[in-house]
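K.L.:
Supplied in structure tokens, the structure appears directly below.
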Amino acid sequence: MALPYHIFLFTVLLPSFTLTAPPPCRCMTSSSPYQEFLWRMHHPGNIDAPSYRSFSKGTPTFTAHTHMPRNCYNSATLCMHGNTHYWTGKMINPSCPGGLGVTVCWTYFTHTGMSDGGGVQDEAREKHVKEVISQLTQVHSTSSPYKGLDLSKLHETLRTHTRLVSLFNTTLTGLHEVSAQNPTNCWMCLPLAFRPYVSIPVPEQWNNFSTEINTTSVLVGPLVSNLEITHTSNLTCVKFSNTTNTTNSQCIRWVTPPTQVVCLPSGIFFVCGTSAYRCLNGSSESMCFLSFLVPPMTIYTEQDLYNYVVSKPRNKRVPILPFVMAAGVLGALGTGIGGITTSTQFYYKLSQELNGDMERVADSLVTLQDQLNSIAAVVLQNRRALDLLTAERGGTCLFLGEECCYYVNQSGIVTEKVKEIRDRIQRRAEELRNIGPWGLFSQWMPWILPFLGPLAAIILLLLFGPCIFNLLVNFVSSRIEAVKLQMEPKMQSKTKIYHRPLDWPASPRSDVNDIKGTPPEEISTAQPLLRPNSAGSS
């Protein structure tokens, strides 16, 4: 998990410390290695740099680490540099930063998403997260669900900063210059939750590096992780003392830093693996190259965003901003062809805007992701609470789910547009709150009417169908009985019934079942009946 992306993160309230100010931090280094590294970057063909003493002595620079494992120190105390609190302690392990017995400084919080193993950085973060959750649990929902939650405390935390306005204006200018789509009126949204930064490697032909160190603080360690790397060819790679493979086909240019801690100019970062660094200590286990960093953004048209907020969410979204420009920009950066000046300058300026936020990482006390998780776990009771937050509170940012959106046109950010859509959302919410039973029925009538006819037919069929079926069955049965009665006399007229006495002797030549025999009635009338008694008396 990496750092969230916009400056909302860096405007959170600082923790409350005791009234007694901590002592000043004493972790200073010289800027000479930085100047030597700049010389090597401008003279990549020269193996031997001028004598180290020929460089200016440099100004003392405060150095702090972004991560310090718990097993590197026995105890840590607070110190202060530039109105910012740091931890300081003596190293007890030779493999720790600085080495055995060296006193070093590290940031109040560790690199986001990492743990120091139960040390002072973890304790500080846990303490602040509890404070944030305690504040959020005091926020409660009132009246109708469409009003959502009173997240005024969160909104104060996420107030717009001038750096964000500058970041958007820079992005919009570059988008107009290098994008084929060239959007003129749209909503540009920055994520509140985690989404990877995008790494744009510095092209070989570009040498517009700053020649002066412009920071009084050096943060040694990763500033952001889980980068989205656009391409891995034609890279400007860094050769350290322990680098063995200098024939990597991905690298088209090599630069060699000194062994001391070295920092890059504002807007340029070391990318080692999937992590970005501002400063390195002269060694790295993985291959490192120079890169710009740009924030991820989502772009909506006016209608798409209104449909998303007012009606129902839609899954269709345009690509993240850097990939909107991919066809015209990344191809040029990758092949090294001409026409890259405009796009490279854009990415450099955008990366510088981002760098201003990176340097404030030590001032941020908790990531916005932690706050969002706290809201979801404690008080976020309906999905549309953040969507409707701007209908209840002021601000120039329109909260859309887990994104913060700004309306932009050719002139830059238009804050009035946020108020306009906020009013539309508020009117829509009022309509939903004030709607009565008959009003709700009238709203559903256009959807119900097409189904009323078939539905009524089905109901009538279920009610009267059995009766109609029984009537049909009875009618058919009566007709069948009538036909049977008409056919019965004709059948009887064609049938003869024969009778004979029970003691009539069976004739060997005649039988009652023999159709060729003589019927008993006809025999009795044709000849006298012979009886056995009369024959014996004669």
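Cβ atoms here come from the backbone N, Cα and C positions, even for glycine.
Swiss-Prot feature annotations, pasted as is:
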type     : residues : note
CARBOHYD : N169     : N-linked glycosylation site
CARBOHYD : N208     : N-linked glycosylation site
CARBOHYD : N214     : N-linked glycosylation site
CARBOHYD : N234     : N-linked glycosylation site
CARBOHYD : N242     : N-linked glycosylation site
CARBOHYD : N245     : N-linked glycosylation site
CARBOHYD : N281     : N-linked glycosylation site
CARBOHYD : N409     : N-linked glycosylation site
REGION   : 380-396  : region 'Immunosuppression'
REGION   : 465-484  : region 'Essential for the fusiogenic function'
MOTIF    : 186-189  : motif 'CXXC'
TOPO_DOM : 21-443   : topological domain 'Extracellular'
TOPO_DOM : 465-538  : topological domain 'Cytoplasmic'
K.L.:
Could you tell me how many residues in the region 'Essential for the fusiogenic function' (465-484) are helical, how many are strand and how many are coil under DSSP?
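P.N.:
Residue counts in helix, strand and coil order: 20 helix, 0 strand, 0 coil.
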K.L.:
Return the average pLDDT for the topological domain 'Cytoplasmic' (465-538) as a whole number.
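P.N.:
A mean pLDDT of 62 is what the model gives the topological domain 'Cytoplasmic' (465-538).
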K.L.:
Tally of helix, strand and coil residues over the motif 'CXXC' (186-189) according to DSSP?
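P.N.:
Residue counts for the motif 'CXXC' (186-189) by secondary structure: 0 helix, 4 strand, 0 coil.
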K.L.:
What is the separation, in Å, between the Cα atoms of N281 (N-linked glycosylation site) and N234 (N-linked glycosylation site)?
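P.N.:
Given the Cα positions, N281 (N-linked glycosylation site) is 24 Å from N234 (N-linked glycosylation site).
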